[in-house]
Every structure is written in C-alpha cells, then in structure tokens.
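Here's the structure we're looking at; comments come further down.
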Amino acid sequence: MYHKFDVVIVGSGGAGLMAAMQLPNASVAVLTKVYPTRSHTGAAQGGVAAALGNREEDHWKWHMYDTVKGGDYLVDQPAAEILTRDAIDAVYELEHRGLPFNRTEDGLIDQRFFGGHTRNYGEGPVRRSCYAADRTGHMILQTMYQSSIKNEVRYFNEFLVLDLLINEGQACGVVALEIKTGEIHTFHGKAILFATGGYGRAWRVTSNAFACMGDGMSIAYRRGIPLQDMEMYQFHPTGIYKVGVLLSEAARGEGGKLLNGKGEYFMERYMPTLKDLAPRDIVSRCIVQEIKDGNGIDGKDYVYLDVRHLGAEKIAEKLPDITDFARNYLGVEPITEPVPIQPTAHYAMGGIPTDIDARVVLDSQWTPMPGFYAAGEVACVSVHGANRLGTNSLVDLIVFGRRAGKHMAKFIEETSHVPLPANHEEFSREYVDRLYSSTGGESAAHIRSELQNEMIDNVFVERTDEGLRHALDKIADLQEAYKKVQLQDKGKRFNTEMMEAIELGFLLDCSEATIHGALARTESRGAHFRLDYQKRDDVNWLKHTLAYRGTKAHDVRLDYKDVILIDDPIFKPKERKY
Amino acid sequence: MNILIRIKRFDPERDSKPYWDEFRVEADPIDRLLDTLNTIKWTMDGTLTFRRSCAHGVCGSDAMRINGRNRLACKVLMRDVGNKVTIEPMLGYAVIKDLVVDMDRFFEKYRSVKPFLITYDNEPGTERLQSQAQREVYDEGTKCILCGACTGSCPSIWGNPDWVGPASIVNAHRFIFDSRDQGAAERLQLLSRKDGVWRCRTIFNCADACPRGIPVTDLIEQVKRAIVYGGPEEA
C-alpha cells in the first residue's frame, strides 16, 4: 500500500513525538512498531537536567561543562552548548504541555542531584535534575502523546520499518511491514526522521526493552550511511543482578551508596569529591574492579546498592518504582536490605551522525543527506561524547527532537517530493520472502542468545584486542548462520517470530560496527576502556569514529572526524577527576 | 520447578475456533512468567504470539489473563502462580492472535475524554506554579501505563462494549483534578453521558487488576462526585 505525507517519523518515543509537535501545518505520519505509549522513553526514571536554578544557583554553562567533561571530551562542544541552553526552554515547554513535575515548597519545578552534575565547574554536586517521582520518562512520553492527540498526529501503530528509500541523493521514504496483516507499505515523504532508539538488546544483561534492537541505525548503515562512535556504549552501574532492570541513579542522587562484600562504601575511595555520584562509566568500572579484587558479595559478581539510611518515608515518596522493582524481581526489601546490582547495558552514545539541526551527515566533511533526519538515542550529534551523563538522554530527546521538527517544518516548505526509486519495495519484499521460505534450520533465538553472550563476555565494561577479535570472528559466524534462519510461523497475521528474525539482523549490524570502532580505538576514553591501552590519548584519538558497512563482518571501513572544540579555556581537554 | 502452562490459542488464519494448548516448562521460581513465555516461543513453539517490550512493568504491552486475573506477564513471578498456570487473552477485546488483543478501540475511548492539558491563558515565561498539595491530588492517575488490564477486567465493559471504561476515566481524572487545567467542565460533561461514569457499578475488579496500584474505583468515584457537585473543587 502507498501513503504520501510531508513528514514521515519513524519511532514514537520522546524524540519522535517532540518533533511531531513542531509540525502543526504539515501532514505527519508517525510509524511505531509498538503503541506510542510503549516506547522505551517511558522507562527512563530519574529526571531531565536543565539549569533552572530552582533549588540553588545554576547556569547552563556549568551544565555544558559537566556534559563535555562527562563525555571525556569527545563531545562536539557547540552541540553541548545548544543542548544545555535549549534544555531550559524545553523543560518549560513540557511543563506547559502538562507534565506533572514534582514541586518545591514554592510551587516551582523541583530539582535533585544526579551523577556528574556539578556547580561552578566541578566544585560539588548541584540539584539540576527536574523530575516526576522516579517515572520522569513515563511522564514525558505520556505528556507528549497526550499533546499529539490534541494536535491530531496520524499514527501507524505496530508497523516495523524495514528500509530507507533514497533517490537522487535525497531521503524520500521508508518501507514498512504492518505487523497485524503482514502487508508491505511504502511511505513517501519530503522529510524522514529516524527516532528509533538504541540497541541494548545486543547484550545479555540490559536495561533496554525488547524493542531496542537498533532498527534505525542498521537500516541507515545498510544504505551506506556511517555509524559514529559506536564503541561508546554505556553500561549503567546499577542494574538489578542478573535481570538487568534499572535501579535509577536517582537512588544515589537521593543519597544511596554502593556497598561491597567487605561492608565498605567503596566509591569514597575512588572518587573523593563526587563519590557515588561520579559519572556512570567510572562507577561501572569501579564495580568491576571491586569484583575482580574479590570484593563482590560473597566473592560473586555483584555488589549492593544501599538506600536503607534514607528511611521508609523518603524511599516511598521519591523512589517508589525502583523499590517496587527490587521487591518484585529479587524479593528484596530496600528499606531494610541492600539490593544486589551489577552493570547493565544501557545507552548508545554513538549512532547515526547528525548536525545540530538533526540533519544526517554522511562523512567527515559534514555533507548532509537532504531530507534525512535522526534524533534521540539513534543519533550521534554528538552531545554525549564517550559517556552520557544521567538525565541528559531526556534532554537530548526534547532538545534535538524539537530542533528536528523545526528544521523539517522549514525544509518541507522549500522542497517537493522526490520521486521514489525504481523497485522501491524489492529489498524489503525479498528480505521477508527469504525468511518465509528458508529451510536453513537455524533459530533466530539461538543466534541472538549467542550474540548476547559474546557481547557481554568481550564487548563490555573492559575490553582487549584479543577479546574484540574473538567477538568479531563470532559476529562473522553468526551473520553466516543468520542467512539460514528458518521460521516455524509461516503466517502473515501478527507474526512476531518474523519480527524477531528481522530485528536480529539489525542487532548484528550494530554489534559489528561497535566492535570495529572498539578494536581500532587503542586508548581508553569514557565508556570505552581498553585493558591494553589504559590511558586517554588526545594526540591520536580526539576524534570521532565513522564506520561504513562492507560486504562481510570483517570488511567494515573506518574513517574519522574531528571533535569540534570552542575557543574557551574552561572547555579545553584535561584529565578527568571527580 | 516444573510447570504446566495452559494457553488459549487462536489464529484466525488457521483455526476455526480457539483451543487450549499445553506446554511443560522448567522454570526458576524467580523467573518472570514472561521469561517462561519466551522460553516456549524460542525453544518449543515459534508460533506462540504475545506482545512484550520493557519486561519490567512500565510499558504495558503484556497484559493478559493469568489464572483468571488480568496481570502483566512481566510482573508475575513463577513462584507466585503454582505448578499449573492458565493464560488467556484479556476479555472485552477482540483477539488478533493468541494472547494479542486489538487495542484500537481502547485507545479511541482514551482519546475521547480529552486526555491533555486544556488551558486558555497565555503561557508564562517559566513554569506554571503548582503547590505540592495540588500536585498530590492527581498523582495516582499519572501512573497509568494504558495496559488495558482494568478495562478488560470490568464486567460492565463485557456487557457494554461501548462504555468508555475505567482507564479512560482515570486519565480524565488526572486532568480534571490538575490545578493547571481549565477543561474540567468539558470532560465532566462527556463523562456524565450514558456511556460515561455511571456504567461503573463499583465492582473493584479494575483496582485489583491495575499493575501500577492505582485505586481505580476510588478515582472513578471522585469523578462521579465532581459531576454531581459541579466540579473538582466541590468534590
């Protein structure tokens, strides 16, 4: 079936919906493979940072400094300026749309501490995170969806996008599978926005939803668009042991502390100033170090998150959801017992390279592809550099989702629809038909499980040349096996086995680019920590990785792009201490 | 533990009517029921169909009828279900395939109660003020994840498919009682109609079904009082 719109948005999380809001005079289709309110933005707990100064003095430039330093200086600094300046207006916009923020005694938006956010360029923690209990992402998603009802945005729920259409060097549409019927649809647009989120499901232990399969990144990558800084993947320190479900950094923002098997609050030893509120990459590495030193609980591979000293009342008021998770999934009562945690795959700092208006750029020269936009976790602006600060993901969504929407609004005024390329559904139809008719005998679930184990064994918090090479060989084998995936469900109607098989292909692509970036980067920076190259190397590696797909797992081509610095001594790269 | 899972199956492409399928599965007591459904799908029967996404009770995808009660499969642990579990699609919705039900009507009803902030004043340059007490009044309703478990558990919906249902009323309540909102009268008028709040018979199934612990029936009662007494202030 053929559909024509001015703007086609793929993904209905915070970035996609924020963009849709900016287009009241355009025809807009939002394609989502779930229902909009099921998007993974809804799982974000802690808050959204903006230097409102409602609790104490704060400035966007302090926020910018924290973002740049938190990202271990791999951040493009003009983008970080936009992120932190626009954050203030964007948070007010959310409030005006009805977001039920917690309030101060004076009725202002309340703010609390969060990892890596400091006053006066690193002096000490600052209350910058605006929040709605520990369900801030849920409230952003609900509020945006509610606003979109008012604006009459057209949704295509449970549509899985398979391909990006490009003609005459411009993006002009997408092809999608309607899950309910198995039908193939073409959406023809003047502007296409990918807001499809991350790929945490590549790891066995992850905070990410089943939907987070790297769809948008992989689809772009297959069409010759590079993926940037994919080696920069964040492992959140406090996932529920074995399950991976997140216990928000808000727990530490409210005063929670990490405890090892010797009964020691060990972060004080590593990071004397910020302690448990040091950025996530550092805290995760400290946990892994404690476990290696035999300081895990009973010598095992986990430590505790301790909130007992906060008291029952504060826990119930400020952290209701995460205490519920601990009770439900571990049978642990956080008011009286410490909670077993381990680092969990959480967030892609890398993704589809974009400029500050969310336009996708194709190379180290910043050449844009007209009509193609990306925003949110799928994109790499880059505001998170080598490590994202807590609460900056929601800021990214609302700021760059909004900028994408505003830029598209102008772009569609100045342009007309580019014709679709010839045989535009051919790739997608062949892909789906091959899966239906395959008799290769391989199981997608089995391949995915092998991938997830390999990624946690060799592409996790600590990396080595040997481990990464092992992972790359493994990916090559799994990609071969993937060609032989066979389905049991041959039906057209709501075929989730088909869907999972297609998504596995996405995960394999994203993992491949991640490993190549990590293997080449012979330094340690932010979330990318090499046991064999433990120092940051600004002389050789203050640059972004661009990975271009080849024909096989080993054939990926790498290029590099300069990090953009601004002329201000405060932001000059220096050693990162907290 | 070894568990017998009975699942009501139906694929309209293949089956003339629903039937019961059985699987015997090894599970850990602290596995989620969703983990067990995945084990079946990934190792035994790839055709078994259900929705899931976040897997920890915040996205609302996997609401289903588990041992006769609507629950999220990702919030039910195996140790809590006994050694024999019966799983069906939620009642009150058309079945698309196996445990997947058609949610389109549900979302239409949700949209019909104007679940968005209505204001007629100019926006201030910064935030609107709201006291902590004003914020507290509508807090419960903001927890709703639109999973549909309450609506699918309600006998009034089973009898009157056109009824707006508990989830919609909870979301109307969230705005009616928000001090920043100026659309209470419009919503109360919508909800005072035949298919509005009055079809609620205070059965409390909805409150039992809610995976977010929202006191759904209480909120519906507050909306009823607001209609009778002419606005949220008087309720």
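Each residue, glycine too, has its Cβ placed from N, Cα and C.
Because TrEMBL annotations are produced automatically, they should be read as predictions rather than curated entries.
For reference, TrEMBL has these:
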DOMAIN    A:6-394  domain 'FAD-dependent oxidoreductase 2 FAD-binding'
BINDING   A:11-16, A:32-47, A:Asp215, A:Glu377, A:393-394  FAD binding site
MOD_RES   A:His40  tele-8alpha-FAD histidine
BINDING   A:His236, A:Ser248, A:His346, A:Arg388  substrate binding site
ACT_SITE  A:Arg280  active site, proton acceptor
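The structure, with features from TrEMBL marked on it.
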| residue | record | CB count, 10 Å |
| --- | --- | --- |
| A:Val34 | FAD binding site | 26 |
| A:Arg38 | FAD binding site | 31 |
| A:Gly42 | FAD binding site | 27 |
| A:Gly46 | FAD binding site | 28 |
| A:His236 | substrate binding site | 27 |
| A:Ser248 | substrate binding site | 29 |
| A:Arg280 | active site, proton acceptor | 25 |
| A:His346 | substrate binding site | 25 |
| A:Arg388 | substrate binding site | 31 |
| A:Ser393 | FAD binding site | 26 |
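Taking Cα separation as the measure, A:Gly46 (FAD binding site) is nearest to A:Ser248 of the recorded positions A:His40, A:His236, A:Ser248, A:His346, A:Arg388. For the recorded substrate site, residues A:His236, A:Ser248, A:His346, A:Arg388 set the reference point as the centre of their Cβ atoms, and the other residues of that chain within 8 Å of it by Cβ are A:Ser207, A:Gln234, A:Leu246, A:Glu249, A:Arg280, A:Tyr347, A:Gly390, A:Ser393. Put simply, of the recorded positions A:Gly11, A:Val34, A:Arg38, A:Arg280, the one whose Cα is nearest the Cα of A:Arg388 (substrate binding site) is A:Arg280. Listed recorded positions: A:Val34, A:His40, A:Gly42, A:Gly46. Those with a CB under 8 Å from a CB in chain B, in sequence order: A:Val34, A:His40, A:Gly42.
Burial estimate for the recorded positions (A:Gly11, A:Ala15, A:His40): highest at A:Ala15, by number of other CB atoms within 10 Å.
Secondary structure at A:Ala15 (FAD binding site), as computed by DSSP, is helix.
Taken over all pairs of the listed substrate-binding residues (A:His236, A:Ser248, A:His346, A:Arg388), the Cα spread reaches a maximum of 14 Å, rounded to the nearest whole number. A:Gly42 (FAD binding site) carries a helical DSSP state (H, G or I). Ranking the recorded positions A:Gly11, A:Val34, A:His40 by the distance of their Cα atoms from the Cα of A:Ser248 (substrate binding site) places A:His40 first. According to DSSP, A:Arg388 (substrate binding site) sits in a coil region rather than a helix or strand.
For the recorded site, A:His236 (substrate binding site), the DSSP three-state label reads strand.
Under the DSSP three-state reduction, A:Ser248 (substrate binding site) is assigned to coil, being neither helix nor strand. With A:Gly42 (FAD binding site) as the anchor, the candidate recorded positions are A:His236, A:Arg280, A:His346, and the one with the nearest CA is A:His346.
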